[in-house]
Amino acid sequence: MTVLVLLDHEAGAIRQASRSAVTAALTLGDVHALVTGDASVAAAAAKIPGVAQVLHATDAGSAHDLAEPLAALIAALAGDYSHVVAASGATAKNVLPRAAALLDVQPIPDVVSILDADSFVRPIYAGSALATVKSSDAKKVLTVRAAHFDPAPAEGGNAAVRDVTAPEAPVLSEFVSIERSKSERPELDSARIVVSGGRGMQNEENFKLLNPLADRLGAAIGASRAAVDAGFVPNDYQVGQTGKIVAPELYIAVGISGAIQHLAGMKDSKVIVAINKDPEAPIFQVADYGLVADLFEALPQIEAALDSAE
Amino acid sequence: MKVLVPVKRVIDFNIKPRVKADGTGVETAGVKMSMNPFDEIAVEEAVRLKEKGIATEVVAVSIGVQQAQDTLRTALAMGADRAILVLTDVAVEPLGVAKTLKALVAKESPDLVILGKQAIDDDMNATGQMLAGLLAWPQGTFASKLDIADGRATVTREVDGGLETVSLALPAIVTADLRLNEPRYASLPNIMKARKKPMETLAPADLGVDVTPRLTVVSVAEPPARKAGIKVDSAADLVARLRKEAKVI
Amino acid sequence: MTEHARETMEFDVVIVGGGPAGLAAAIRLRQLSPDATVCLIEKGSEIGAHILSGAVIEPRALEELLPDWRERGAPLNTPVTEEAMLYLTESRGYAVPMLDRVMPHMRNHGNYIVSLGDVCRWLAAQAEELGVEIYPGFAGAEILEEDGRVVGVATGDMGVGRDGQPGANYAPGMELRARYTLFAEGCRGSLTKRLMAMYNLRKGVDPQTYGLGIKELWEIPKDRHRPGLVQHSFGWPLDDRTYGGAWMYHFGENLVSYGFVVGLDYPNTWLSPFDEMQRLKLHPSFRAYFEGGRRIAYGARALSEGGLQSVPRLTFPGGALVGDAAGFLNVPKIKGTHTAMKSGMLAAEAVAEAMESGKAEPASYTRRVRQSWLWQELRGVRNIRPAFARFGMKGGALYSGIDAMLLRGRAPWTLHHRHADNETLESATVSAPIAYPKPDGKITFDRLSSVFLSATNHEEDQPVHLKVRNPDLWKTVNWDVFRAPESRYCPAAVYEAVDTDTAPRLQINAQNCVHCKTCDIKDPAQNIDWVTPEGAGGPNYPGGM
């Protein structure tokens, strides 16, 4: 079996999440990679060990990853492949379901575990349950959650590159512009790192002590319901049951006791750090790394450690 | 301009779903159901287009069991003009939904279909894209802003690391993200008035659509509980471990 | 609040509250007057969302209301087959012998273990079929009164911010005007409370006394499930001065309803009903049932315990009180569903008659109640609950045995309730501290993880619906004298005393509120006013609760 993996790129490099998708795809068969962008992207893809061939989409529509030409291209290429795979992300979620429809296939998004060529595990209800599904489609279209597969190395491979173009079709959509998020805080629900504060921050003024740490880490700032209720920060900071559900790579809970309402909103984070002066706080039961300390002492120490050389 | 808005009846977002003891699925008996929150945003956007004089009619559609009527009534109370229920007891997958909607599009000839970007039960995030593919219409997914002018839809999309703007030739598909708008309440007077708005019921067979699922749910399980990790000695130790062990910073 | 025009709709009858009383009234009205327009509003997000009861129900009233309830598929599926009343010491449980004779009101032959929420959902479907308009998600927030007559209610505004100002999605409330308005809000209804003041309805009757019921729904291993089992207990862990006990009912598909009621006239300020409820599960008479099971839902609700002596005047120009809003619960029987439904039906009959004659006050309701089995039943047990208040748990149990076996409920005297529940609390220095065990996370739990299972939600950006009338009073009374009893009696962790080492203040986590109304009842200075939050807020009790 051969698997087609759609790789996503940023600033000429293949995103790490896409390299995780390569790892996932290698469990299913040989891997061919499909990339858009300029020649440097195709060259980067060719260096990923395990990629046997790189297909480089060179038409104008594909340049901006527009769904219409890219889905048509994937559908046109799919005949040679048993599976089409990509890392869960905005591009794949935009394009792959459209391609699946063209192939008369029901896509399988957000796979966290591949059981065999037909069977996959994926979260439903925002991670409240895990469903094992078996597909009866001849061809499978799936996206995988990057956090559940180790990324393939960026270097070491040497695959051949072949140019491909989307089939001729009327131009339905046009790229207008892209506005990259500025250096300001990332959005809470899509940030790679989240720093959250709880009642332990004591007041609105102290809550701002999280800013320097978040700045250093490029992190979004969240809060527990207790902190929101106490008026330290507005509602839209809230992580948990009635607030946002986040699953960043790193979640740092500062002065948060860990009420189940809060845990429900962040327990799928890859790595959880808890800083609390109460060693009995429930947050430590889910934290990968716990630091029992007065947060007002710990915060500047962490900043200092971050500033020091590795 | 006519706007079609598909809505889905799902377990209310306040309810924590409970996996059935026998692992066959999630308990839905006696559980409060509501309109999928992203679909509420889609309805709101369609109603706003009508209030601005851009849309002339808003038609809400749901595919599901009889009680999906309640979900459609909510859409009518929010301002949709009429509703269509495609009645089926099968749990229809996005592919089947997209095929059903394609048939309804052929019947209704809307210029715009606005959907929620995903349903909060199966978290598929696929129906809008699939409908666009089947119709060979352009798509503007994960929209945080929508403008209609001169036969085109300008859609600002939430993408990884920023906002992308695309321009689509109508007819088109748009899927709503959280920041598109804040939906209004279905107020009591409007709920009362909605009882008198027309609602049509169809069967998938009436539309000539096969909605047989392609995925079999083998089992549904609670996610494994997270285990406590280690306590670190100091802030420096913590940072060192995050760098070297966890490799997240 | 800024003035926005409210829309108005007129009905013959408006019913506030979609519990058994309100729904029975609605059904009876349409049965008697098929042309009458009947509108029922419910603050819960759906019918059943705020219904919390054991529940073992006696089908007497249902039989009268819908004789074909079996054919209509009423969810009364588990008949009571086995019952026990246990007196608990810390380590043992003793079954009360000759239960039928000592506590005849406890006899459950012919009764059913149900989810009252599911029964209400079913009743609502019957009512809708009869043409009743039911609108869940809308709270009765305001009484409309003209020329001394109640002419309906207004629902609350939606989309008001925490600061009291209308937000972007503000939607004004609606005036539901009616010839007759029935208040079926359940125990300590917020509008009922205002009506009592407006029309002086409590004149000449005993103060109402209350209990707080806290409930958990469990799914237990099949080999331990005994469908039809009803087990009650009294004694440990409560002291002799505190009225209360536990229930455990096995029903449905491996479901167990477990709960605990404590009389809100308890004196010890350190008592925490929630923690009593938790630790009671560890008693040998209960524990084995929970091992290996999982808790699936949680909730709490106050109930009226005053009985006949505390029933207020029932009617006023333009309406009436029905169900537990009037206090029709039969405490010794621990049942209020059949009495609530009966009162709703009788009120409907009175309203139907008044609609014919055009009278403002459906006054025949009172006469109908007095002539019904409802009154007979409450009269027979009227002395039992006050005897517990007067003679303690053991003395009360003895009195109730004598009352049942010798006097057969016909005692020539009536014991009265001497205090309102907010007057009975003793100070922190006088009260004996109670050490509760830490939750084990398997059988016993903390408050927040419990509230999580009530699926409680309130729109965050709205005014706090728990109004502290005089904020200064909290420090001098609640803290200085009683050490924040609300932080213990509230089963939903709404009230927290924070900064207790430095400058104690009260933190109100209104979003957690499960609408039990205990704070409105038990606050020593009657300084907390529970008003309805934005409609659809509060718990979302699932099917089976």
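One is the number of the first residue shown, and numbering goes on along the chain from there.
Glycine is no exception: its Cβ is also placed from the backbone N, Cα and C atoms.
Some features that TrEMBL has for this protein:
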DOMAIN    A:3-179  domain 'Electron transfer flavoprotein alpha/beta-subunit N-terminal'
BINDING   A:Arg199, A:224-225, A:238-242, A:255-262, A:Asn276  FAD binding site
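Confidence in the domain 'Electron transfer flavoprotein alpha/beta-subunit N-terminal' (A:3-179), given as mean pLDDT, stands at 94. Chain C comes within the C-beta cut-off of under 8 angstroms for the following of the binding-site residues A:Ile256, A:Ala259, A:His262: A:Ala259. In the three-state DSSP classification, A:His262 (FAD binding site) falls within a helix. Taking Cβ-Cβ distances under 8 Å and a sequence separation of 6 or more, the neighbours of A:Ile256 (FAD binding site) in its chain are A:Ser196, A:Gly197, A:Gly198, A:Arg199, A:Gly200, A:Ser224, A:Ala226, A:Ala227, A:His262, A:Ala274, A:Asn276, A:Ala281, A:Ile283.
By the criterion of other Cβ atoms within 10 Å of the residue's own Cβ, the least surrounded of the binding-site residues A:Arg199, A:His262 is A:Arg199. Neighbour density for A:Gln238 (FAD binding site): within 10 A of its CB lie 25 other CB atoms from the protein chains shown.
According to DSSP, A:Arg199 (FAD binding site) sits within a helical segment.
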